[in-house]
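As recorded in TrEMBL, the features of this protein are as follows:
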TRANSMEM  12-42  transmembrane segment
TRANSMEM  62-82  transmembrane segment
TRANSMEM  102-122  transmembrane segment
TRANSMEM  162-180  transmembrane segment
DOMAIN    162-249  domain 'CAAX prenyl protease 2/Lysostaphin resistance protein A-like'
TRANSMEM  192-212  transmembrane segment
TRANSMEM  218-238  transmembrane segment
TRANSMEM  275-292  transmembrane segment
Amino acid sequence: MSSKFHYTGYGMQVLILIALTIAGFMLYFLLSMLLLFSHAGFQLIDTKQALTDPRMLGMLKLLQSLSSIMIFLLPALVFAWLADTKPMHWMGLGRSFSLPQLVVVAALMVASLPFIGLTGQWNEQVHLGGRLHQLETWIRNTEKLAEQQTRLLLTTHNVGDYLVNLLMVAVLPGICEEAFFRGALQQLLIRWTGRVTAGVILTAFIFSFLHFQFLGFLPRFILGLMLGYVFVLTRSLWLAMIGHFVNNGVDVTLVYLYQLGWIKTDPMGDSQVTPWVGLLSGVMVIVLLIGLKRLSARHKQRESFF
């Protein structure tokens, strides 16, 4: 660690990262409002309506991309620069990885899809009774609005639209969110708590919570756990980024194929995962993580040898 944080405890460093994130969010909010108003000729607009207006599609895609960069990537990069004289290495971007590791990470993300889908079904079956019923109604209405916006954002008319969607939903989140959550936050929480498992779980919880889609909290939490352990086992942030890209990229591709009529099942619909298929998928996740651990140990030995 450099002298900038030499006498700063990990708890205070977490607060510094939070402050940088809030600053990034405020800058994004101001810029997004400026762009929205300029796009509307500086007239008063209904932002809720604008978020689902097809005429705003190009602007919405730009704002979605900027949110990943300004809220997650920039704070992580600034923090890494403050934390170490070699910020990229500190974040895990200076470590190599092998082709077998890459293949296993990609297979892990694909194999986990039924299990993640099953946990999503469990999540949606949770109901808040009594005084929390109004809260549940608000959550479900918010989720419907988010689904409308997502469907609008993923609208494609040609291959160019598909590639833009891939950049917006898979490439940028894969880079920006992993830089923040695994490259910065998870490392801090592991050092702060002194426990790898605690750091990974806390980061996955925050990762899922900050997406503010509570009907999808559990599957996103599981995704966060997998990405967290990919980073812990390999020490390469590149592999966590690639894993995140594969997970999101599969979704974008399935939506594109559905819009082309090549597949009949709507990926964003209410298709159900057979329980035994989902559980088998969960077992495969564990097996692949064990395999990744062994491959990573061998790769580390080769690096040490050479």
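Cβ atoms here come from the backbone N, Cα and C positions, even for glycine.
Only pairs six or more apart in sequence are counted, and the transmembrane segment (102-122) with the transmembrane segment (12-42) gives fewer than three Cβ pairs under 8 Å, not enough to call it a contact. If you take every residue in the domain 'CAAX prenyl protease 2/Lysostaphin resistance protein A-like' (162-249) and average the pLDDT, you get 96.
The residues of the domain 'CAAX prenyl protease 2/Lysostaphin resistance protein A-like' (162-249), classed with DSSP into helix (H, G, I), strand (E, B) and coil, number 80 helix, 0 strand, 8 coil.
Residues 5, 50, 56, 59, 62-63, 66-67, 70-72, 74-76, 78-79, 82-83, 180, 184-185, 188-189, 192 of the same chain lie 6 or more positions beyond the ends of the transmembrane segment (12-42) yet place their CB under 8 Å from a CB of it. Beyond its flanks by at least six residues, the transmembrane segment (218-238) meets 91-93, 95-97, 101, 105, 108-109, 112, 115-117, 119-120, 122-123, 178-179, 181-183, 186, 196, 199-201, 203-205, 207-208, 211, 244, 247, 285, 289, 292-293, 296, 299 of its own chain at Cβ-Cβ distances under 8 Å. Cβ atoms under 8 Å from those of the transmembrane segment (62-82) belong to residues 2, 4-5, 13, 16-17, 20-21, 23-25, 27-28, 31-32, 35-36, 88, 90-91, 153, 167-169, 172-173, 175-177, 179-181, 183-184 of the same chain, restricted to positions at least 6 beyond its ends. Proximity of distant same-chain residues to the transmembrane segment (162-180), defined by a Cβ-Cβ separation under 8 Å and at least 6 residues beyond the stretch ends, is recorded for 21, 61, 64-65, 68-69, 71-73, 75-77, 91, 153-154, 156, 207, 227, 231, 237, 240-245, 248-249, 251-253, 255-256.
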